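I have placed the structure first, in the form of structure tokens, so that the comments after it can refer back to it.
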Amino acid sequence: MSATHIENRDDSFLENKGIDHIGRPENNNGSQEPPSPSGFGGHLIDENLVRVEGEDKVTWYLCFLISASAIAGFLFGYDTGVVGVALPLVGTDLGGSALNSSQQEIITAGTTIGAIFGSAILGGWGDRLGRKGAILVSDVFFTIGAVIIASSYSVPQIIVGRIILGIGVGGAAVIAPLFITETAPTAVRGRCIGVNAFFIPFGQVVSDAIGAGVQNMHNGWRLLFALGAVPSLLQLLLFHYLPESPRILILKGDTEGARTVFQRIYPTATSEMIEYKFRVAHEYIAATTALQSGTTFWERVKKVLKTGSYRRSIIAVSALQAAGQLTGFNTLLYYAGTLFGLLGLSNPALGGLIPAGTNAVFVLIGMSLVDKVGRRGLLLIGVPIMLLGHVWNIVSFYYMCKPTGGFLDTSYSYDTTDVGIVIGGIVFFVVGYGLTYSHLVWYQAEYLTLEVRSMGSGIATTVCWIANLVVSVSYLSELETMTPSGTYGFYFGISVIGFVFLVFCLPETKQLSIDETSLLFEDDWGVKRSAQMRKERRETRKRLQDAELGEAATAHLEARQQKSTSVSPAELSKFMAGLKGGKRTPSASV
């Protein structure tokens with residue numbers, strides 16, 4: 001981001017407040033303007049922001065804000081996972097005949113098709129609607145879609161309902177993590193985004209658990225889909241009590257509202273610290289205004305794709321999303337009932353809990369480690385585990401399906417030991433996926449500057465859903481033509497390519513503020529720049545801590561000296577009496 005994108009900042013309010021000025025170079029016209037954010041006095045890190053973010057605390061208000069936002073993640077998970085357990089229960093309720101494999105694929109893909117449009121539209125309009133407004137619009141689509149699906153008596157009706165539902169899924173997938181990214185304090189931002197990411201597999205687990213319980217219930221599939229409207233209505237109610245993202249409030253001119261939100265997020269920070277945080281956010285928002293003013297949406301897209309830093313950041317997060325989808329993980333969710341039925345399990349819906357439950361557990365582990373190990377750190381640990389799981393699936397499916405010519409045959413009873421080994425491979429694969437892609441893809445907003453954050457998130461999430469669509473509509477056909485072993489071999493090859501790209505092109509964002517992460521792609525893909533910025537931030541924080549300890553030690557020493565040199569009248573009288581008696585009282589010595 002160039003300096004010309006940023007407004008002048010009046011730092012006079014910082015005098016004698018313990019917060020340093022940022023020097024302003026003169027521009028060609030001789031007037032002063034603030035430096036590029038990458039030039040804080042010759043450093044990559046703004047020491048004043050480090051001081052402000054030292055006030056990060058997890059408060060009840062923050063917990064409420066994150067939990068209410070993460071309901072969108074639960075809806076995302078529930079509505080994508082429910083189809084895998086609901087479709088086997090439909091029977092002949094839609095048109096008088098059982099669903100064939102093509103109809104199942106289209107119904108399953110309906111949500112994905114809607115999500116492509118939802119992520120593109122709500123992502124592109126995220127700045128104008130606001131983060132809060134976009135989530136509320138998504139909730140409306142969730143509710144309408146659930147009602148249409150639950151009341152369906154024909155295949156076309158349920159497809160329409162799934163598409164409408166998908167618009168809500170796509171919008172929530174873009175905006176919810178974006179909203180959390182912009183409101184969470186730096187020190188806990190990873191875990192806060194992780195809450196939303198955890199709610200996705202948690203929603204899938206809930207859908208599988210309810211599905212297992214309604215297996216023998218008449219119209220149980222209708223209940224499964226109808227229950228999807230409950231969380232969306234709850235979020236509509238809770239969001240009435242939540243604020244807009246402070247950066248959107250500044251963008252819309254509500255500066256006092258933005259200051260209030262910052263104060264609630266950083267309750268122990270001084271007013272001067274809050275003011276400094278506000279001023280820095282205001283500078284970045286000026287770049288958004290400069291990009292959007294006087295241009296159409298497509299002109300902004302063209303400008304964004306022509307600018308190297310914007311283009312690289314969007315490519316990186318889009319590749320991250322695509323890599324996560326092209327592992328083939330979601331096929332285990334969408335077709336869990338069908339797949340585990342083919343493997344001979346008596347309750348396929350209960351079998352679907354195996355991948356969903358494993359995923360939820362390891363997403364929880366991953367989100368608890370993400371602020372310590374880092375985003376790249378988890379990728380470097382978890383993706384190799386996932387790749388080994390792919391190899392396990394390739395080999396185990398090959399040997400299990402040998403008696404049936406390499407293909408899965410519903411009429412054949414496979415050896416229970418072989419089935420157990422296959423399930424073990426699936427679980428091992430999901431362990432690696434849960435630690436990595438299952439939640440790390442939703443950290444995408446961290447890598448995008450504010451002026452392209454909504455648009456870039458929309459593009460990346462649209463890529464996610466396109467890749468999801470390709471995988472979901474082709475999976476059953478691949479099993480029938482490429483064999484299960486060949487199908488997972490194909491996913492293995494794509495996963496290796498995606499992993500190699502991310503190793504070289506996805507920088508680390510832990511320890512960096514949301515304003516600092518937007519600087520990573522200025523010159524290249526930012527991997528080395530990230531390491532340099534995080535090193536400088538650690539050194540800055542240590543210097544501030546040492547300074548605070550030094551100040552505390554000095555104050556303590558001065559207090560002791562003051563105490564030792566202060567003599568009360570009683571002590572003085574006792575001391576003088578001792579002198580008259582020819583001895584010096586130690587307790588009164590000075």
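Quick reminder: no glycine exception, Cβ is built from N, Cα and C everywhere.
Per Swiss-Prot, these features apply:
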- 1-57: topological domain 'Cytoplasmic' (TOPO_DOM)
- 15-24: compositional bias 'Basic and acidic residues' (COMPBIAS)
- 15-40: region 'Disordered' (REGION)
- 58-78: transmembrane segment (TRANSMEM)
- 79-105: topological domain 'Extracellular' (TOPO_DOM)
- Asn100: N-linked glycosylation site (CARBOHYD)
- 106-126: transmembrane segment (TRANSMEM)
- 127-132: topological domain 'Cytoplasmic' (TOPO_DOM)
- 133-153: transmembrane segment (TRANSMEM)
- 154-157: topological domain 'Extracellular' (TOPO_DOM)
- 158-178: transmembrane segment (TRANSMEM)
- 179-192: topological domain 'Cytoplasmic' (TOPO_DOM)
- 193-213: transmembrane segment (TRANSMEM)
- 214-222: topological domain 'Extracellular' (TOPO_DOM)
- 223-243: transmembrane segment (TRANSMEM)
- 244-325: topological domain 'Cytoplasmic' (TOPO_DOM)
- 326-346: transmembrane segment (TRANSMEM)
- 350-370: transmembrane segment (TRANSMEM)
- 371-376: topological domain 'Cytoplasmic' (TOPO_DOM)
- 377-397: transmembrane segment (TRANSMEM)
- 398-420: topological domain 'Extracellular' (TOPO_DOM)
- 421-441: transmembrane segment (TRANSMEM)
- 442-455: topological domain 'Cytoplasmic' (TOPO_DOM)
- 456-476: transmembrane segment (TRANSMEM)
- 477-485: topological domain 'Extracellular' (TOPO_DOM)
- 486-506: transmembrane segment (TRANSMEM)
- 507-590: topological domain 'Cytoplasmic' (TOPO_DOM)
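Listed as Cβ neighbours of the transmembrane segment (350-370) (distance under 8 Å, sequence separation of 6 or more from its ends, same chain) are residues 81, 84-85, 190-191, 193-195, 197-198, 200-202, 204-205, 207-209, 211-212, 329, 332-333, 336-337, 339-341, 343, 378, 382, 423, 426-427, 430-431, 433-436, 438-440, 510.
Taking every listed stretch (106-126, 193-213, 377-397) in turn, the largest tally of C-beta pairs under 8 A with the transmembrane segment (456-476) is reached by 106-126.
Distant neighbours of the topological domain 'Extracellular' (477-485): 393-395, 397-398, 401, 406-408; these residues of the same chain sit at least 6 beyond its ends, with a Cβ under 8 Å from one of its Cβ atoms. Only residues 6 or more beyond the boundaries of the topological domain 'Cytoplasmic' (127-132), in the same chain, are considered here, and those with a CB under 8 A from a CB of the stretch are 175, 178-179, 182, 239, 242-245, 248, 251-252, 288, 292, 454.
Remark: the transmembrane segment (377-397) makes no contact with the transmembrane segment (58-78), by the rule of 3 or more CB pairs under 8 A. Listed by sequence, the residues of this chain that lie at least six past the ends of the transmembrane segment (421-441) yet keep a Cβ under 8 A from its Cβ atoms are 193-194, 197-198, 200-201, 320-321, 323-324, 327, 329, 332, 343, 354-355, 358-363, 365-367, 370, 375, 378-379, 381-390, 392-393, 395-397, 399-400, 464.
As a quick check, the transmembrane segment (58-78) and the transmembrane segment (193-213) clear the bar of 3 or more Cβ pairs under 8 A, pairs 6 or more apart, so the two touch. When each of the listed stretches 133-153, 223-243, 486-506 is scored by C-beta pairs under 8 angstroms to the transmembrane segment (106-126), 133-153 comes out highest.
Of the ranges 193-213, 223-243, 486-506, the one with the most Cβ pairs under 8 Å to the transmembrane segment (133-153) is 223-243. If you draw a 10 Å sphere around the CB of Asn100 (N-linked glycosylation site), it holds 9 other CB atoms from the protein chains shown. Within the same chain, residues 1, 5, 73, 123-127, 173-174, 177-178, 181-182, 189-190, 193, 196-197, 200, 247, 284-285, 287-288, 290-292, 300-301, 304, 309-310, 313-314, 316-317, 320-321, 375, 461, 506-507, 509, 514, 517-518, 520-521 sit at least 6 positions outside the topological domain 'Cytoplasmic' (442-455) and bring their C-beta atoms closer than 8 Å to a C-beta of that stretch.
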